[in-house]
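J.: Let me begin by handing over the structure; questions about it come next.
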């Protein structure tokens, strides 16, 4: 049995704040509308953590089998390094797929009055698709991460499904302004993947992994990255402009310098070793932005406008 430290490395704990950002963003939108539920927040967070770890394990396994990680920069992968065997990793993937499904079902049972209603079945389908997307990024006969579709699926599942889905489980009704917030978080999450792809361009190209950066080239990847972050911030500002009732709900702009500094590094550096730290920095900048949205909402509820 592999040492627990190798499983912790395979779980890639540094990716978890970004996944939680999606749930916290949807929940703060629910709080702004007066429909926040603690039980939904707790179960949605747990489900998201299981899904993110599942995705990380499947990514480690898929890239290890394909040999993509052989010359990569950054964190060591466990299957490629031999610390965890392919069979052991597959077993853990099955465990976390089961945990994700069970947690998701409990979440739907809590949030929806009739889990087998049309709405319940739609969310159940979204949950099953989320599990499939977490696994099929690099695993299977046609992994979409090797075909340039990774950014799209990250945008959909971290943005529209993660943020808007969690909001809907709180509120049980549709809201156009929340779509702007969902788009913003989805774009920032796609930006994190793009940093990964900029760092790994050479190794991905050698392994036949056709990310958008490999397809379009380094210069395209940098321009694309700037657009992702710029439009994400436009959507954030547009959301808060229509929803804020207090200046305290604008605290999130304090993180803007973090994004500007990040973009400077991405624009001016090409070396994988220089780009690798930006993965963590962009993930944490996104998380801090959402947490300042949460803090602003809490302060508004405590002290008013």
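Each residue's number is its place along the chain shown, starting with 1.
In case you wondered, yes, glycine gets a Cβ from its N, Cα and C as well.
Note: TrEMBL annotation is automatic and uncurated.
In case it helps, TrEMBL gives these features for our protein:
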type: TRANSMEM; residues: 93-115; note: transmembrane segment
type: TRANSMEM; residues: 121-140; note: transmembrane segment
type: TRANSMEM; residues: 152-169; note: transmembrane segment
type: TRANSMEM; residues: 181-199; note: transmembrane segment
type: TRANSMEM; residues: 220-241; note: transmembrane segment
type: TRANSMEM; residues: 247-263; note: transmembrane segment
type: TRANSMEM; residues: 284-304; note: transmembrane segment
J.: Are there residues at least six beyond either end of the transmembrane segment (284-304) with Cβ under 8 Å to its Cβ atoms? List them, or say none.
T.: 17-18, 20-21, 24-25, 27-28, 31-32, 185, 188-189, 192, 236, 240, 245-246, 248-252, 254-255, 258-259, 262
J.: Taking a Cβ cut-off under 8 Å, which residues six or more beyond the ends of the transmembrane segment (181-199) line up next to it in the same chain?
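T.: Residues 18, 21-22, 25-26, 29, 73-74, 150-151, 154-156, 158-160, 162-164, 167, 211-214, 218, 221-222, 224-225, 228-229, 231-233, 235-236, 239, 266, 272, 275-276, 278-279, 282-283, 286, 289-290 contact the transmembrane segment (181-199) from elsewhere in the chain.
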J.: In the same chain, who gets a Cβ under 8 Å from the transmembrane segment (247-263) while lying at least 6 residues past its ends?
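T.: Sequence-remote neighbours of the transmembrane segment (247-263) are 32, 225-226, 229, 233, 236, 240, 278, 281-282, 285, 288-290, 292-293, 295-297, 299-300, 303, 305.
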